[in-house]
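Here the structure comes first, spelled out in structure tokens, and everything after it is commentary.
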Amino acid sequence: GLVIDGRTLEHVLHDSLQSIFLELTEKCRAVVCCRATPLQKSVLVRLVRNKLKAMTLAVGDGANDVSMIQVADTGVGILGQEGMQAVMASDFAISQFRHLRKLLLVHGHWCYTRLTNMVLYFFYKNVAYVNLLFWYQFFCGFSGTSMTDYWILILFNLLFTSVPPIIYGVLDKDVSAEILMQLPQLYMM
């Protein structure tokens with residue numbers, strides 16, 4: 001790991017040392033920046049996200065972390081002694097730092113699998129409906145007439161666009177939470 005303080009970070013963030021610093025951080029398992037200003041935190045997250053093309057996660061518990069949380073791809077606010085500013089600016093909020101592991105390994109995995117399966121479902125639904133309209137146009141001589149009433153189309157979209165995602169989003173858990181917590185390697189897949 002690498003631990004860097006705010007004064008050193010100020011020198012590193014200049015253009016001449018950025019590439020060397022990024023090479024060094026790529027070789028580390030973890031980089032901890034302490035005593036950094038809010039601007040330094042946000043610049044560092046932006047630098048890693050843009051130059052290394054990495055997905056970034058920022059975790060903060062106070063008002064000084066808001067800019068870092070907003071720059072990151074995913075921001076997590078911890079409800080703490082310093083107030084609600086980080087929680088209000090974040091994508092996800094947790095009450096204690098120890099809940100971060102479960103948020104990432106369990107809920108992150110479930111969310112990812114649900115979203116990928118729902119994207120496939122929406123492609124299937126739209127292909128099925130457009131395919132039906134396409135073949136109907138051959139039947140009616142490409143006159144542009146509507147195959148169904150508008151209320152049937154609304155009902156079709158309502159049923160096939162809202163009900164399955166709600167049921168799937170609530171009930172689908174491909175792997176149990178206990179296994180996901182015991183095997184963090186599953187998160188990599």
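Backbone N, Cα and C atoms are what each Cβ position is placed from, and that goes for glycine too.
Taken from TrEMBL as is:
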type: DOMAIN; residues: 87-188; note: domain 'P-type ATPase C-terminal'
type: TRANSMEM; residues: 119-138; note: transmembrane segment
type: TRANSMEM; residues: 150-171; note: transmembrane segment
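Counting residues of the domain 'P-type ATPase C-terminal' (87-188) by DSSP class, helix then strand then coil, yields 78 helix, 3 strand, 21 coil.
Per-residue confidence over the domain 'P-type ATPase C-terminal' (87-188) averages out at a pLDDT of 85.
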